[in-house]
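Novice: Attaching a single structure in structure tokens format; questions to follow.
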Amino acid sequence: MYVVFEGIDCVGKSTQISLLKEIYKDAIFTLEPGGTELGKHLREILLNKTHPINKRAELLLFLADRAQHFEEILKINQNKLIISDRSFISGMAYAKDFENDLLFALNSFALENFFPQKIIFLKGDANLIQERLSQKELDSIEKRGIEYFLSVQDKLEKVLHFLKEKISIEILTLDAKESKEKLHQQIKEFLQ
């Protein structure tokens, strides 16, 4: 089973994934972008840009990472439990300048039509995002601010709705303000 955690920065995806690592010791844990050597380099380029990157070029860099990630991680482990911190879904939401049909077609190509079966979508409000962003050093994406994140979160919801029409997926939407223990319990039940 391929399980994906989605949500904007600061909603607790990494915390919940860490808790699952204690339970699912044989699972494959990965992340996008950055789950491969190529991905680590591309992530570094994209998060710490010193020169502006055109939106189309940025999209294609993420797609290159996704295709490599599929080949190195997802494809060879598709009969195991795979738990990923983000996926093509975030890619579609962050590439909000492009149409969903185009993004879906490009991602389908990069992933050879291998999609997650279950998605855990953690949602946060402006207060939660503000509080958590204030506690860390910000990368170039995080410096775009709360309004940017909330617009991406809105786009994530729209992408998830779009995908329900295209592929067979189960989605669990959770309020990131809940305690990490309560969220963990709900996630464990969803993965049963």
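Every residue, even glycine, has its Cβ placed from backbone N, Cα and C.
I grabbed these lines from Swiss-Prot:
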- Gly7, Ile8, Asp9, Cys10, Val11, Gly12, Lys13, Ser14: ATP binding site (BINDING)
Novice: For Ser14 (ATP binding site), just give me the three-state DSSP call.
Specialist: helix
Novice: Could you work out which of the binding-site residues (Gly7, Gly12) has its C-beta surrounded by the smallest number of other C-beta atoms within 10 A?
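Specialist: Gly12, out of the binding-site residues Gly7, Gly12, has the fewest neighbouring Cβ atoms within 10 Å.
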Novice: Judged by the number of other CB atoms within 10 angstroms, which among Ile8, Cys10, Val11 is the least packed of the binding-site residues?
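Specialist: So among Ile8, Cys10, Val11, the binding-site residues given, the one with the fewest Cβ atoms within 10 Å is Cys10.
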Novice: Ranked by the number of other Cβ atoms within 10 Å of their own Cβ, which of the binding-site residues Asp9, Lys13, Ser14 ranks first?
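Specialist: Per the Cβ count within 10 Å, the most buried is Lys13.
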Novice: Excluding Gly7, Ile8, Asp9, Cys10, Val11, Gly12, Lys13, Ser14, which residues of the same chain place their Cβ within 8 Å of the centroid of the Cβ atoms of the recorded ATP site?
Specialist: Leu122, Gly124, Arg132, Ala176
